[in-house]
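Per Swiss-Prot, the feature ATP binding site maps to Ile20, Gly62, Val63, Gly64, Lys65, Thr66, Glu67, Asp255, Glu321, Arg393.
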Amino acid sequence: MSKLNMTPREIVAYLDEYIIEQKEAKKFIAIALRNRYRRLQLEKSLQEEITPKNILMIGSTGVGKTEIARRMAKIMKLPFVKVEASKYTEVGFVGRDVESMVRDLVNNSVLLVENEHKERLKDKIEEAVVEKIAKKLLPPLPSGVSEEKKQEYANSLLKMQQRIAQGELDSREIEIEVRKKSIEIDSNVPPEILRVQENLIKVFHKEQDKVKKTLSVKEAKEALKAEISDTLLDGEAIKMEGLKRAESSGVIFIDEIDKIAVSSKEGSRQDPSKEGVQRDLLPIVEGSVVNTKYGSIKTEHILFIAAGAFHLSKPSDLIPELQGRFPLRVELENLTEEIMYMILTQTKTSIIKQYQALLKVEGVEIAFEDDAIKELAKLSYNANQKSEDIGARRLHTTIEKVLEDISFEAEDYSGQSVTITKELVQSKLGDLVADENLVKYIL
């Protein structure tokens, strides 16, 4: 299932498989994303008038803010980028400018479209790769041979291609010409500098420059796949589609927005650069034109989802103009002991299932008693209460601590089944959680 026209109910049902509770936040996101689909069904003139209602999510770290947005963008194949507001600086200061988040979104969008085109041409690309390798392995026919010899050669070439495709010749070595590795371009610089970089690369590093390399057939397949993909793909069409998709259905998730809010408690110690970042962010969220290396993009139809814990500040500490650009607000609930237990047992790819799969690679079967899972949830919740509340992320730390000896000595347990009991969890974590200092430094 990966479609843009999922109904809000279907969206929430999908999110329920991965994220426990937070029903209100899921509902807000589902409606916002469904409205993207609804807008695209309207007449062009009306489409221009309808802008997305941006969302402000308020909640502690680890309660599912990012995961809700990320999962949604993934299933609906929307261009998505997550940024942290605290990483940006006001124009004129050293650091990243806010426009770079839009450039990152466009980069991700073009890559998303490119991968879709590659997937559609997958069979054609693989056929071309196999044919090229087969012709390298099979010496060419001399000119002037009989029709019978030509037919024999064609049959041999076909058999060779079948063997290459099935991986029978993966270990054979072959000498092929491959393109020189392209020079990486820093996409976080302004478009003017990007163009200078690209022009310099064209002068000093020609696209057609190739080098001969001896590779295994398996390695040659990968090297040629990238080269043939570039030949078959329409780069210009991909760029245009990527730009269009970022503009009409892109999602920018701005985390830690509370870090650029100027708390009224700070009084005379207000940080002018924080307010400066907010003012730089305002035109992007309101709707402006940003230049990227692929072309210009209008930001007025991009959906912005901002998130923050707001422990030291309040949403009202943001400048009024920016507050007005996030009309939908939703507060995410803190994780209780019961929710922690549900995260471990009811999510589709729970942490427990992940660790079981990892250790199964070593031939170790791990089983968790229900009491052990309840104890893990309880101790993780207690650790959050005694130290920094990091939500569900605490579960990763506690399970890692319980399983560290088994993970380290996995070869000794190969072919065995290991049951994690409540007593084992208590012996590994009980003393640590009881001691506040140890909780802060170890868990």
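Using N, Cα and C of the backbone, Cβ positions are placed for all residues, glycine too.
Since the structure is predicted, the reported quantities are computational estimates derived from the model, not experimental observations.
In three-state terms derived from DSSP, Glu67 (ATP binding site) belongs to a helical segment.
In this view, the densest Cβ surroundings among the binding-site residues Ile20, Val63 belong to Val63, judged by other Cβ atoms lying within 10 Å. According to DSSP, Glu321 (ATP binding site) sits within a helical segment. There are 14 other CB atoms within 10 A of the CB of Glu321 (ATP binding site), with all protein chains counted. For Glu67 (ATP binding site), other Cβ atoms within 10 Å of its Cβ number 15.
The 10 Å shell around the Cβ of Lys65 (ATP binding site) contains 26 further Cβ atoms across the protein chains shown. The binding residues for ATP are recorded as Ile20, Gly62, Val63, Gly64, Lys65, Thr66, Glu67, Asp255, Glu321, Arg393; their greatest pairwise CA distance is 34 Å.
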